[in-house]
Amino acid sequence: MKNSSPLKWFASREGLYYLALALLLVVILPLALDPFRLNMVGKYLTYAFVAIGLVMCWGKAGILSLGQGVFFGLGGYCMAMFLKLEASTPEATAIQSTPGIPDFMDWNQLTALPWFWEPFHSLSFTFIAIIAVPVILAFVIGFAMFTRRVGGVYFAIITQAIAAILTILIIGQQGYTGGVNGITDLKTLAGWDIRTDSAKTILYFVCVGMLFLCLFAARFVQNRKLGRILVAMNAQEMRVRFSGYDVAAFKIFVFCLAAAFAGIGGALFTLIVGFMSPSFIGIVSSIEMVIFCALGGRLSILGAVYGALLVNAAKSGFSESFPELWPFAMGALFIGVVLAFPNGLAGLYQTYVMPLEDRLFKRKPKADKAEPVSQKPVEKKDEGRDYDPMLDQYSPEKS
Amino acid sequence: MFDGYTTSELMSIFAMQGFAGLSLFSVFVLMALGLAIIFGQMGVINMAHGEFMILGAYTTYLTSGFFQSYMPSLFGGYFFIAMILAFLICAALGALIEWLMIRHLYHRPLDTLLATWGLSLIMQQAYRSIFGAREVGVELPEWMMGAIQVTDLVELPINGLFVMIIALSIALGVYLLMYRSSWGKKVRAVVQNRPMAEAVGINSAGVDRMTFALGCGIAGIAGAAFTMIGSTGPSSGQAYIVDTFLVVVFGGAQSLIGTIVSAFGISQAQSTMEFFLSGSMAKVLTLLVVVGILMLRPEGLMALKVRR
């Protein structure tokens with residue numbers, strides 16, 4: 001690596017972008033916003049985890065998953081199950097016919113805790129499960145699909161179906177999952193009240209910290225040979241395969257990585273918002289997560305964070321003042337991003353703002369310091385090749 | 001799960017649930033035919049397909065209202081006019097959308113998926129603003145009400161039968177169009193080898209536009225038929241879209257027969273299990289089985305064999 005020393009890296013252009021984001025999230029927003037709004041920003045940031053995963057999975061490797069809400073929800077439910085058990089002590093639930101189990105189970109005539117709830121009494125198990133459960137599911141799906149070379153549109157539809165299945169299942173099994181209301185009334189995390197303003201502020205900073213960990217993890221992956229192979233796979237899968245790489249293994253890896261990010265995001269979401277419900281899992285919310293990533297720029301992990309922040313802020317803003325206009329705006333955003341600027345904000349930034357920066361700071365434009373978005377032209381041209389079912393898939397002469 | 005039922009009761013249950021499944025089957029077939037044409041023939045995912053169907057349903061609703069107030073004597077036949085109108089309106093909108101949006105995205109199928117999702121959001125909200133969030137229903141003409149009594153336990157509602165007949169005739173029509181007309185030959189040529197089809201002088205862009213319009217038009221007919229058996233709301237279409245995609249993919253994307261077979265299988269499985277399990281578990285089980293089979297056999301039940 002060129003920028004081996006951390007100090008040098010922070011002075012590089014990429015480092016400055018990270019610093020700017022850190023400055024925004026750690027200093028500017030906490031100073032400018034009241035605890036309520038800051039909590040909302042925290043909620044938006046939990047979606048950024050999913051968006052970063054999607055950048056790796058969809059932007060780099062070309063695997064569009066429309067079921068990221070599943071992993072987000074699984075992480076969130078794992079956290080919520082622990083918090084719910086902690087809130088349902090025999091003393092707190094003494095009025096129930098079976099004290100000591102969560103209230104919704106009592107309402108649904110359950111008399112004992114189901115077996116899969118038992119391990120969630122342990123905090124360390126919960127922390128492992130938050131990552132392990134989504135990753136295991138992602139591995140199973142990925143293994144079944146990628147080793148059979150299912151990709152592209154088929155993969156998108158099947159992940160979407162899985163999101164539908166999980167939502168119906170959770171809503172249907174009310175006694176075990178809390179049904180359509182989800183798991184609510186969460187109070188403390190290991191004795192620490194998560195509902196106070198100070199706790200919410202602390203959780204916000206925890207969320208920002210985790211976000212940067214995930215950002216660095218994603219950056220680590222994208223800057224290694226591994227990341228290059230992912231991009232190469234997206235552009236020319238056959239050539240990568242013929243070069244001796246196990247394409248399926250790389251795809252499974254990146255899909256699991258995205259699932260892990262989504263799981264962490266979901267768990268933080270539960271902590272910050274204070275409940276978890278199936279509405280965050282379903283088809284609609286899963287596909288919305290894709291737009292966070294698409295708006296920010298499908299190839300830029302930093303862009304994904306801004307995309308998640310902007311879309312969610314706009315959504316709250318619209319929903320407060322013109323609720324009926326929001327779906328129009330959202331729809332236009334989907335169409336606009338896809339038709340007009342497929343590389344999202346990061347792409348626009350690179351085309352219009354970066355040259356200005358270069359002039360301002362008298363730098364010579366250097367491609368190697370930028371995010372790999374600079375490979376855009378090649379990328380775009382090749383994108384269609386992979387998936388077009390009508391044609392010889394890898395015919396080189398197709399435009 | 002069959003405990004406590006006698007054989008004859010079981011037979012009647014299967015017959016009744018089987019028939020209930022048939023109206024689901026009709027909706028699936030009508031929606032899936034449009035999708036299968038667009039997806040199978042063009043490789044485009046149209047997430048707004050459900051909304052095109054609802055457009056057809058609202059067209060039918062408006063037509064029935066028009067007939068009720070201005071031509072009550074002809075009310076018995078309004079449905080056929082509505083069906084034609086629904087087809088034309090949806091096909092015209094489909095052609096417009098293809099020209100505005102889809103044709104720029106043929107080489108990026110995943111992006112088409114996102115763009116049409118955006119379109120579906122816009123269409124849904126437009127319905128909500130124009131027709132209100134509440135579901136609307138049409139009044140059935142006299143001859144469509146009632147039921148045919150087959151045995152003591154089994155009776156078949158006429159509107160369900162009628163919708164099924166429409167579904168099957170449309171399926172037959174699509175088959176004839178695809179496999180017995182010169183236009184269908186062009187479509188299939190473009191599917192199998194686009195550069196070659198262009199080389200022999202087929203206007204592939206025109207074929208694409210017509211195919212997309214036809215798919216959307218069939219969605220409109222599906223919507224018209226849908227009003228006969230259920231009420232229409234702004235988001236009714238979205239409720240069917242995932243199931244219908246699974247029907248198409250499960251059947252094998254380029255096979256019309258496969259689509260019909262898989263629509264039949266999925267709707268029957270779901271409806272029969274619904275009697276014994278709760279509705280949501282029946283759906284979960286059906287979808288899980290379909291997804292499971294697709295993981296083992298990604299090309300679907302009946303795949304068109306094309307050299308790649």
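The backbone N, Cα and C atoms fix where each Cβ goes, and this holds for glycine too.
Keep in mind it's a predicted model, so treat the numbers as computed, not measured.
Under the heading compositional bias 'Basic and acidic residues', TrEMBL lists A:367-388.
Residues annotated as region 'Disordered' in TrEMBL: A:365-399.
Under the heading transmembrane segment, TrEMBL lists A:15-33 (among others).
What TrEMBL lists as transmembrane segment is A:45-67 (among others). Within its own chain, the transmembrane segment (A:45-67) is flanked in space by residues 25, 151-152, 155-157, 159-160, 162-163, 204, 207-208, 210-211, 214-215, 218, 221-222, 227, 230-231, 233-234, 250-251, 254-255, 257-262, 264-266, 268-269, 272, 283, 286-287, 289-290, 292-293, 296-301, 303-305, 307-309, 312, 372, 383, 386, which lie at least six positions past its ends and keep a Cβ under 8 Å from the stretch.
Here TrEMBL flags A:123-146 (among others) as transmembrane segment. When Cβ-Cβ distances below 8 Å are used as the criterion, the transmembrane segment (A:123-146) is approached by residues 70-71, 74-75, 78-79, 81-82, 154-155, 158-159, 162, 190, 247-248, 251-252, 255-256, 258-260, 262-264, 266-267 of the same chain, each at least six residues removed from its ends.
Among the features that TrEMBL reports, transmembrane segment is placed at A:153-172 (among others). Cβ atoms under 8 Å from those of the transmembrane segment (A:153-172) belong to residues 63-67, 69-70, 73, 77, 141, 145, 178-180, 278, 281-283, 286-287, 387, 389 of the same chain, restricted to positions at least 6 beyond its ends.
Per TrEMBL, transmembrane segment is recorded for A:202-221 (among others). Nonlocal intrachain contacts for the transmembrane segment (A:202-221), taken as residues 6+ away from its ends with a CB within less than 8 angstroms of a stretch CB, comprise 18, 22, 25-26, 30, 38-39, 41-42, 45-46, 48-49, 52, 55-56, 194, 227, 230, 254, 257, 261, 264, 268, 271-272, 301-302, 305.
For A:242-261 (among others), the entry in TrEMBL reads transmembrane segment. Sequence-remote contacts of a segment are chain residues at least 6 beyond its ends whose Cβ falls under 8 Å from one of its Cβ atoms, and for the transmembrane segment (A:242-261) they are 49-50, 52-54, 56-57, 60-61, 63, 65, 68, 71, 131, 134-135, 137-139, 141-143, 146-147, 149, 151, 214, 217-218, 221, 226, 229-230, 233.
The transmembrane segment annotation in TrEMBL covers A:267-284 (among others).
As annotated by TrEMBL, transmembrane segment applies to A:291-313 (among others).
What TrEMBL lists as transmembrane segment is A:325-349 (among others).
Proximity of the transmembrane segment (A:15-33) to the transmembrane segment (A:325-349) is not established, fewer than 3 Cβ-Cβ distances being under 8 Å for residue pairs spaced 6 or more apart.
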